[in-house]
Amino acid sequence: MSTAGRKDDHIRINLEEDVEFRQLTTGFEHYQFIHQALPEIHLEAVDASVVLFGKRLCAPILVSSMTGGTARAGLINRRLAEAVQSKRLAMGVGSQRAALEDSEAEASFSVRTYAPDALVFANLGAVQLNYGYTVDQCRRAVEIVEADALILHLNPLQEVLQPEGDSRWGGLLSRIEEVCALVGVPVIAKEVGWGVSEQAARGLIDAGISAIDVAGAGGTSWSEVEKHRAPTDRQRRLAAAFREWGIPTAMSLALVKAAREEAGRPDLPVFASGGIRSGQDIAKAAALGADLVGLAAPFLRKAVESAEAVVEEIDLLVEELRIAMFASGSRNIEELRRPGVLVSKTELTQGITPSSYQSVRTDLSGSEKGHSQDRPAYASAGPVPAISGASASSNAKALDEFASLWLPRIEEEMRAVLATRHPLLAYHYEMMHYHMGWADEALRPIALAAGKRIRPLLCLMSCAAVGGDPTCALPAAAAVEILHNFSLVHDDIQDGDDTRRHRPTLWALWGVPQAINVGDGMFALAYAALLRSKENSSTDVLSASADGSGWALTAFDRFIEICICLTEGQHLDLSFEEREEVTVAEYLRMIEGKTAALIAGSLALGALFGGAGLRKSECLHQFGHNIGMAFQIQDDILGIWGDPEVTGKPAGNDILRRKKSLPLLYGLEHPTLGGRIRSLWRRGVKEEDLPDAIALLDRAGAKSWSEEQVRRYHSEGTQALQEELDAKTDSSLLLGLASQLLQRQS
């Protein structure tokens, strides 16, 4: 039988026969969302969108690879493509072998005509690489559908059960590796319904695969499909024997995630398909870590009717997904993955809260694995992909030029604000100068490295991004940096830190009372700095912002809010020192105030001083909030896994200091390893205990999860910025600086 004829057979059997697994299930039924009677969100605020391979989808839904090669298949593909285009989803076509063997079949795969903006995957059977196919055929498959990526599907069991199947699978991995290196688009490895094991996933990751679709057991049993096609009783009996074969989808998802962690590829996308039938199934798969969730059977039946029927099915699935997110208190997919949102029913009855996919793996496979112990415990962190090539060079040059031009002016502005007001008070102001890096311990003028001045630079960049003159924003830039340094003076006292920037802290040299007073003075002078806008700005800018609202009052409101948030964040930080139990959610709320508020406020003030309206100012505030959150989490990662030669601090320094940082809190919430981490923490971690402590956090997925949060906040911040500003011009400096901050290793 021809390839096209076989595809028609598959469609007919799937529509007319019972080919589902009878006993084996996906495993998702073993999990339960924790209902929130007070979700504290509006349904319309629930955002199920995701970004994959550079395209934003309205939901993490993939219309899985199904068919092609015949007129009937072409009509089905057209209807699916029209629906996918209208709803902004992803889709894959069926195996394109028929089109490569017969050019007349190409039209049945031409989905790009009907889905010009969709995320589209080409598709070939991986085993064909052992039967003469090369990178050229793979490229041709991509060209036929103008695909964003190529699926190489893995179906060894189906092939050996088919009368016309291909059974030579030896040496295939090296050919897959060659395709990954040369085809020119991301390559996705996909099973067809029996799941991907951890061993297979490791091999595929090492070969350079860009994503893995587990396509697990629990939905359509392709051995049962082949039973209906078998020409002899012997072949039917063989096919029937494997009806319940395979790895359940939920288990395979956990195994593949474990493999990517062990390979040091926590960012490698993993798709879940196989038996997904409802919006709640999609929600569970996403909660367990799937970046994309594939469905085939529900859409195939609707595509036989019309494109409108497919759209209705998509709408129903997306709405069910969003309601599940709403009822679990999850605003977005990332929040859906928080510890305690989805629990296994076994853990639910035992009152145990899981905190990562590790619990899935333990519950389903009876084993527990995390990061490879062969990797260095202090491997450097790198959660945000670096800008590469000429764009990186030009971006770095532009940032350097901006900083070289404006940093001296920021220093000049701050020196004017912190200048001695009376000879009798010189000592008071000179202590401020010491803290700022302008004086030595004898209070003689010097020039030292005095911090990165990130916040004032962001303020001036924000002003420039909205079309303003950065000179107008110098008062605000000075104000936020002086306010930041006030908080550091008081932090050092409250934390008992006697060194900062490799020098004694203020209180260590001159005592707590004087240091408190210096901090208080800097707090007041931060407001004085803001008022210098009267001297540096035009009357037009001061009187009103672009939308006609009171500019000065808005700026002061924003500055007051920064101050309040700083004290709220510090209150939480201090209270956490007295508490043994602190949750991840509480910690994130703390850093919103202590770190993110000042960065967000710096950007919002810069926009206001640049003459922007409230909408643009709020957009830049949201960008700053997300970058601030990512900045602090990156600090937390470096505090444990940073390279001592780069950070200047001992490896695992935050653990030795008993700092309740995000990775540690995440590890403490782990269902199986949390107890061991807590026991070690309670008795006090010594230097000789560090390797064990860090290894436990690695196994709990603390580092990879924290890096994932950095990526998420960076992505959300970038999205917020680009909603109002042109990424290639107005916001390029801001995006470049944000990326540099989050790629830093110290």
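Here, residue 1 is simply the first one shown, and the rest follow in order.
From the backbone N, Cα and C atoms, a Cβ is placed for every residue, glycine too.
TrEMBL entries are annotated by machine, without manual review.
Here's what TrEMBL has on this protein:
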type	residues	note
BINDING	Arg6, Lys7, Ser95, Gln96, Arg97, Gln158	substrate binding site
BINDING	Ser64, Ser65, Met66, Thr67, Ser95, Asn123, Lys190, Thr220, Gly275, Ile276, Arg277, Ala296, Ala297	FMN binding site
BINDING	Glu159	Mg(2+) binding site
DOMAIN	175-338	domain 'FMN-dependent dehydrogenase'
REGION	353-378	region 'Disordered'
COMPBIAS	353-365	compositional bias 'Polar residues'
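The two recorded residues Gln158 (substrate binding site) and Met66 (FMN binding site) have their Cα atoms spaced 15 Å from each other. Confidence over the domain 'FMN-dependent dehydrogenase' (175-338), given as mean pLDDT on the 0 to 100 scale, stands at 94.
Among the binding-site residues Ser95, Gln96, Arg97, Glu159, the residue whose Cα lies closest in space to that of Met66 (FMN binding site) is Ser95. Nearest Cα neighbour of Ser95 (substrate binding site) among the listed binding-site residues (Ser64, Gly275, Arg277): Ser64. Across the structure, Glu159 (Mg(2+) binding site) and Arg97 (substrate binding site) place their CA atoms 14 angstrom apart. Mapped onto three states, the DSSP output places Lys190 (FMN binding site) in strand.
Sequence-distant contacts (6 or more apart, same chain, Cβ under 8 Å) of Gly275 (FMN binding site) comprise Phe21, Thr25, Thr26, Phe28, Gly216, Ala217, Gly218, Gly219, Thr220, Thr249, Asp281.
A straight line from the CA of Arg97 (substrate binding site) to the CA of Ala297 (FMN binding site) spans 21 Å. By the criterion of other Cβ atoms within 10 Å of the residue's own Cβ, the least surrounded of the binding-site residues Ser64, Ser95, Gln96, Gln158 is Gln158. A C-beta separation below 8 Å, combined with a sequence spacing of at least six in one chain, links Ala297 (FMN binding site) to Asn14, Gly219, Thr220, Arg277. With respect to their backbone Cα atoms, Ser64 (FMN binding site) and Gln96 (substrate binding site) stand 14 Å from each other.
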